[in-house]
Amino acid sequence: MKTFHGPTCGTAVSLCLLLFLTSALEEGEITSKVKFPPSSSPSFPRLVMVGTLPDLQEITLCYWFKVNRLKGTLHMFSYATAKKDNELLTLIDEQGDFLFNVHGAPQLKVQCPNKIHIGKWHHVCHTWSSWEGEATIAVDGFHCKGNATGIAVGRTLSQGGLVVLGQDQDSVGGKFDATQSLEGELSELNLWNTVLNHEQIKYLSKCAHPSERHIYGNIIQWDKTQFKAYDGVVLSPNEICA
């Protein structure tokens, strides 16, 4: 398999080449993955989405991930606005538990039946609905203990913010912390403006061939949405579950 190294940009570079995730794909490849090397100031490997999110009152956020360590907190997805740096945040702590923060409300922390193994691909889906504040996390197709209601009831995730993968934003696009970063890989990240049902989430967690995939994010679609890469992020072809 030929590895494609995606464009990277140092922190001093003001304009970065657009990173198209589809550019890593070759005929016969299943998908593309993004590798995040270790962070150490002033280098904070990350992907930054081009554009912003719309107002959202329901979401499903799913992705495949592989971690190289379980030390500190591993921040996967960060959406920050001028008013709230934790408008939407997903992470894993040192115990391998999953945390989910919506609209700056108290974090949902859950224990999942499938433990996280270093160097192994896992699939996770986060859902939230404003109507009753129901928030859930499912790992490898199984819902976790501790899913809750009453999370950010009646709230709206606001448009105009910035999506960053692999780092935690303590201000829009900045104030990163090397102990709050992802050291590992991400693939097949999709975001919907609705709550997917259990059957759909179970389906997404399976190792399906591209011809069998029919569920793609309508807000973020892994093979369509444009990102900018910074500080040594590497893009390459990937076969999920290989």
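The backbone N, Cα and C atoms fix where each Cβ goes, glycine too.
Annotation source Swiss-Prot lists phosphocholine binding site at Thr60, Tyr63, citing sequence analysis. Non-local contacts of Thr60 (phosphocholine binding site) by the CB criterion (under 8 A, 6+ apart in sequence, same chain) comprise Cys125, His126, Thr127, Leu191, Trp192, Thr194, Val195, Leu196, Ile201.
Other Cβ atoms within 10 Å of the Cβ of Asp170 (Ca(2+) 1 binding site), summed over all protein chains shown, number 14. According to Swiss-Prot, the feature Ca(2+) 1 binding site maps to Asp85, Asn86, Gln169, Asp170.
A strand conformation is recorded for Gln180 (Ca(2+) 2 binding site) in the three-state DSSP classification. The Ca(2+) 2 binding site annotation in Swiss-Prot covers Asp170, Gln180.
The Cβ of Cys62 (disulfide bond) lies under 8 Å from the Cβ of His123, Val124, Cys125, His126, Glu188, Leu189, Asn190, Leu196, Ile201, Leu204, Gly217, each on the same chain and at least six residues away in sequence. In the three-state DSSP assignment, the secondary structure recorded for Cys62 (disulfide bond) is strand. Residues annotated as disulfide bond in Swiss-Prot: Cys62-Cys125 (among others).
DSSP gives Cys112 (disulfide bond) a coil state; it is part of no helix or strand. Within 10 Å of the C-beta of Cys112 (disulfide bond) we count 21 further C-beta atoms, all protein chains included. The disulfide bond feature in Swiss-Prot is assigned to Cys112-Cys144 (among others); the stated evidence is experimental evidence.
Sequence annotations record features per position, and here Swiss-Prot assigns disulfide bond to Cys207-Cys241 (among others) based on experimental evidence. Summarising the environment of Cys207 (disulfide bond), the number of other Cβ atoms within 10 Å of its Cβ, over all protein chains shown, is 13.
The feature domain 'Pentraxin (PTX)' is assigned by Swiss-Prot to 30-241, with sequence analysis given as support.
The Cβ of Asn147 (N-linked glycosylation site) lies under 8 Å from the Cβ of Leu108, Val110, Glu134, Ala135, Thr136, Ile137, each on the same chain and at least six residues away in sequence. According to DSSP, Asn147 (N-linked glycosylation site) sits in a coil region rather than a helix or strand. Under the heading N-linked glycosylation site, Swiss-Prot lists Asn147.
The feature signal peptide is assigned by Swiss-Prot to 1-24.
Here the candidates are the recorded positions Cys112, Cys144, Gln180, and by Cα distance the one nearest Gln169 (Ca(2+) 1 binding site) turns out to be Gln180.
Comparing Cα positions, Tyr63 (phosphocholine binding site) lies closest to Cys112 out of the recorded positions Asp85, Asn86, Cys112, Gln180. Each residue in the domain 'Pentraxin (PTX)' (30-241) has a pLDDT score, and their mean in this model is 89. Here the candidates are the recorded positions Cys112, Cys144, Gln180, Cys207, and by Cα distance the one nearest Asn86 (Ca(2+) 1 binding site) turns out to be Gln180. A sphere of 10 angstroms centred on the C-beta of Tyr63 (phosphocholine binding site) encloses 23 other C-beta atoms. Comparing C-alpha positions, Cys112 (disulfide bond) sits nearest to Gln180 among the binding-site residues Asp85, Asp170, Gln180.
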